[in-house]
Structures are given as structure tokens and as C-alpha cells.
Amino acid sequence: MNLTDTIAAISSPVGQGMKGIVRLSGSRAITIVAGLIVNPKSESPKTGQVAIVIPPDNVIVKADILISRAPHTYTCEDMVEIHTFGSRPLLNMVLEAVVFCGARLAEPGEFTMRAFLNGRVDLAQAEAVMEVINSSSESQLHSGMRKLKGEFSNEIKIVEGELINLCADVEASIDFIEEDISIVSKSDIVRRSKSILGRLSSILYKSRLQNVEQELPTVLLFGPTNSGKSTIFNRLIPDGDAITSEVAGTTRDIISGLLQIDDLCIRLLDSVGILGTQILPYAPQLVLNREAVAITRSVLDTDVILLIVDVCELGNWRKLIDEISGRNYIVVINKIDKIGSDMARKMAEEDNLADCIFISALKGDGINCLKERVRDAVSLHRDIGSHFTLSSRQHTNLTKAVAILRQMVNSNYDSIEFIAFDLRCCLDLVGGITGRIMTDDILSRIFERFCIGK
Ligand SMILES: Nc1nc2c(ncn2[C@@H]2O[C@H](COP(=O)(O)OP(=O)(O)OP(=O)(O)O)[C@@H](O)[C@H]2O)c(=O)[nH]1
Ligand SMILES: [Mg+2]
């Protein structure tokens, strides 16, 4: 790929529209477009409306041209946008015309690659461009915008700086090992590597892999059999078709559905009921109960657990609290239509149940309140708006760097060469996220700080 070529591409979405855009970037972009303008007023065209002639049939169309000069453009090169009618055949003709006049068809992502290579954005920001374009939820868009602004890169760069400094100190210690000069003490290495590990772990903790299913917050309907979990699931999910019945143990597996509350999309799970305090004399139910506990345990690690309790069997819920203690849960008292809302509240009070929600899944009472509480609990738990969505490359690099550092922190730090090796690996991984070239950085830090050769 020749990076000195002037490149061109259609940059508006496929399909018909009022406007379509052909974009050029490179040193000849302005000259190429100037060659298409009918009766140009000067040799160097300016932004504005013009008539362009499209070879080979010399069709003339009106177009708005937008000229931006290097280096104050996205790619840091001269850029021209030709805005005309959003007809695909017409845009193809314009594209062919600029190629005929000397431009080359751009490779996928080449505009952004030039922005990266010319120092306009780092690698994480370049990837964020695609994240913003492809975002399917407000939180994804938010994450992409923040990465584009460089917030994610800045956090990574702080860790990278600390890693470079530590690497430089450790590698210098190896260089001076013969002279018995101690550049950095073992306790200093321990302290600084722990601090780097802490920073990287916290970035990883507030990041999510760019995968819609994994990225979605998860809410689990959990509780005794027959408490109405599947009925609530069907009430919350527009096309929910979980089987419900008065027979205890109807749901035999985890069922998943997408729940939209305002701008928040949640994966809602209906689970197998737990028999709770009921000790049934026949075996199949007991087997089911064990299976139920096993299956449900496997998904307990969700963002929010809704503990569903039948208002007429309030005693059952306490046994289940141990299963979910320490987790983010909300107690939901269902079937209040059986005894009325006032009576339900009184009974809950007598049972020391505070801060629970009262609903009737059958009648639909309290469902909006339940949705609001779920939305608030999920947002609080996920801290929506402050997390970053990572590409699998970024996620892999971060996870590997954390694993290497964790292993190093748990070792005895006996071999300075091993430490240097581990730090180098970490630096390659962390530096790879923003696309910085590390070797020169380390060398310059060593020279700058230790005046080697003096
Ligand atoms: N009166 C009343 N009945 C309800 C309500 N919600 C659910 N039910 C009934 O309670 C019974 C059990 O409901 P399910 O939704 O199957 O309960 P579940 O918790 O999924 O049960 P398992 O899958 O067996 O664990 C059904 O007969 C429902 O119609 C409610 O709000 N009021
Ligand atoms: Mg069920």
C-alpha cells in the first residue's frame, strides 16, 4: 500500500439518500477535483457549490465541494469531499472520475490508518472510530466517544509511562550489575509493579469486551418454585413465552430474553425454581431441586438478582438469602392481588422485609416500578457511562498484561533478568493498545536519566 497516493472512496452509507459523499485525501486531492470543475474561477478551487463534469460521457452535475487543507484535517493531508445526490450509480461515476484523474481507490480503513500514521489519533482512538460508527446502544456510543476523545488512551498512557520508567530502571540495573550500582531497590520494584497492576486491573474492571451478548448487563429471576418467575419474565419480555403453571418445578432450564428499559438493554434470565423449605417425599422433585440449585448457581454471578417471593409464602425467602448474600439483589413480593397491596405491605413489614417491591405479575400491578428499580440497580452496578468497550485485541492485551504482572507480583522477584523480561512483555502488550513504539522510548529514557557514557 503506497501511502503517498491520493486516495478516494464513497463515504456515505449504501442506499438512496438526499446526499452522498465521495471523499479524497492526499497531496493531489485538490488538483484532481479542480480538474473536474466546469469553468473554474481559479486554479485553486475553494469550498462551495460548483458544476462538475464526469467523464467519459461528460455528464454535468451540481455538487458542493468541501476543501480542507493539511495538516488541519482528519488524515493530516489535503482532503476534499464532493457532496452530490445520494444516488449510488452517480456516486460510482464520480468515484470513477476522480480515479480516472489520478486518485487511487482507498483500502478499507485507509483514511483512519493515515490519521493514525500521521499522528492525528492513536490506535485505540482509531479503533474507537469504528466503535462509534457501529454502536448499537447509547452506552456503546458513549464509550466510543470517550475513547475517541482520548480518555481511554490517556489512562493507558499513564500506565505505559510508569511501565517505561520501571523498565528503564530495571534494565539499567542489569547494565550496571557488574559495577555493583543499585539503580532501583527490590522493594521499590515491588511497590511500583503493584501500583501498575492496580491501575491496569482497574482499567480492565471497568471495561467490557466488544460483544453485544457479553456487553449486556444481566438480571436473574431467582426464587422458590411457583413464586411467579416465569410469569414475570413473560410480563417483562414483549414476546416472552416461558411456560407457566401451578405445578412446582415447571421451568427446567435457564431461559434468556432481551429487556429494553428506556435506553438500557438488559439480558433477563428466568431460572429453575428452588424448592426452598418444602421437603417433598418423592425423589424426582428432590433431584430437580439439586439440579435447580446447580443450574441456578452457575448464573448467580449476574449484575442484579431479583429474588421473587410469593406473598403468601413469605417464610420461604429467608432460606435463599444465604445463596445471594453479598450480591446485588432486590426482593420482589409477587401475587399481591391475592391479599391486596395494603395487607401485603403489612405482612412484609411484620417479616422485617424492607425496601422490597410489591407486584402482581398476573395483573401487571407494580411492573413499571419494578422496571425502574431494575434500571437504577443495573446502571449503578455497571456504572453505565463510565466504562470502556474494548476490541478483542485490546482486551487480550490488557488481560495478558495483568496476568503477567500478577504472576510477577506473586513471585519472589529473585531474578532481575526475569523481572526485566516480564516488564518488557507487559510494555509490548500495553504499548500495543495505543500503537506506540516502545524500544526507542525505553532507550531515550535510559539516556535521558542516566547519562550513559559520561
Ligand atoms: N394470583 C397470582 N398468580 C400468579 C401471579 N404470578 C404468577 N402466578 C401464578 O403462579 C403459578 C406459578 O407461576 P410461574 O410463573 O410458573 O412460577 P415460577 O416461579 O416460574 O415456577 P417454577 O418454574 O416452577 O419455578 C402460575 O399458576 C401463575 O399463573 C400473580 O401475580 N398473581
Ligand atoms: Mg418458571
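Cβ atoms are placed via backbone N, Cα and C, with glycine included.
Those TrEMBL annotations? Automatic predictions, nothing curated.
Listed features, source TrEMBL:
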type	residues	note
DOMAIN	6-120	domain 'GTP-binding protein TrmE N-terminal'
BINDING	ARG23, GLU81, ARG120, LYS454	(6S)-5-formyl-5,6,7,8-tetrahydrofolate binding site
DOMAIN	123-451	domain 'MnmE helical'
DOMAIN	219-335	domain 'G'
BINDING	ASN226, SER227, GLY228, LYS229, SER230, THR231, SER245, GLU246, VAL247, ALA248, GLY249, THR250, THR251	GTP binding site
BINDING	ASN226, SER245, VAL247, THR250	K(+) binding site
BINDING	SER230, THR251	Mg(2+) binding site
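Note: the K(+) site is recorded as ASN226, SER245, VAL247, THR250; in the same chain, THR225, THR244, GLU246, ALA248, GLY249 also have Cβ atoms within 8 Å of that site's Cβ centroid.
For the binding-site residues ARG23, GLU81, ARG120, THR250, a Cα-Cα cutoff of 10 angstroms around ASN226 (GTP binding site) retains THR250. Using a 10 Å Cβ-Cβ cutoff, GLU81 ((6S)-5-formyl-5,6,7,8-tetrahydrofolate binding site) registers 20 neighbours. Under 6 Å, Cβ to nearest atom of ligand 2: this is the test, and of the binding-site residues ARG23, GLY249, THR250 it is passed by THR250. If you measure from the Cα atom of THR250 (K(+) binding site) to that of SER230 (GTP binding site), you get 9 Å. Comparing THR251 (GTP binding site) with ARG120 ((6S)-5-formyl-5,6,7,8-tetrahydrofolate binding site), their Cα atoms are 55 Å apart once rounded. Ligand 1 lies under 6 Å from the Cβ of the following binding-site residues, listed in sequence order from ARG23, GLU81, ARG120, SER230, THR250: SER230, THR250.
With helix defined as DSSP H, G or I and strand as E or B, the domain 'GTP-binding protein TrmE N-terminal' (6-120) counts 27 helix, 41 strand, 47 coil. Listed in sequence order, the residues of the same chain lying 6 or more apart from ARG23 ((6S)-5-formyl-5,6,7,8-tetrahydrofolate binding site) and placing their CB within less than 8 Å of its CB are ALA8, ALA9, ILE10, SER11, MET79, VAL80, GLU81, ILE82, PHE111. Neighbour density for GLY228 (GTP binding site): within 10 A of its CB lie 24 other CB atoms from the protein chains shown. Sparsest Cβ environment among the binding-site residues ASN226, SER230, SER245, THR250, THR251 (other Cβ atoms counted within 10 Å): SER245. Across all of the domain 'GTP-binding protein TrmE N-terminal' (6-120), the predicted model scores a mean pLDDT of 87. Between the C-alpha atoms of GLY228 (GTP binding site) and ARG120 ((6S)-5-formyl-5,6,7,8-tetrahydrofolate binding site), the distance comes to 56 Å. For VAL247 (GTP binding site), the count of additional Cβ atoms within 10 Å of its Cβ stands at 9 [all protein chains shown].
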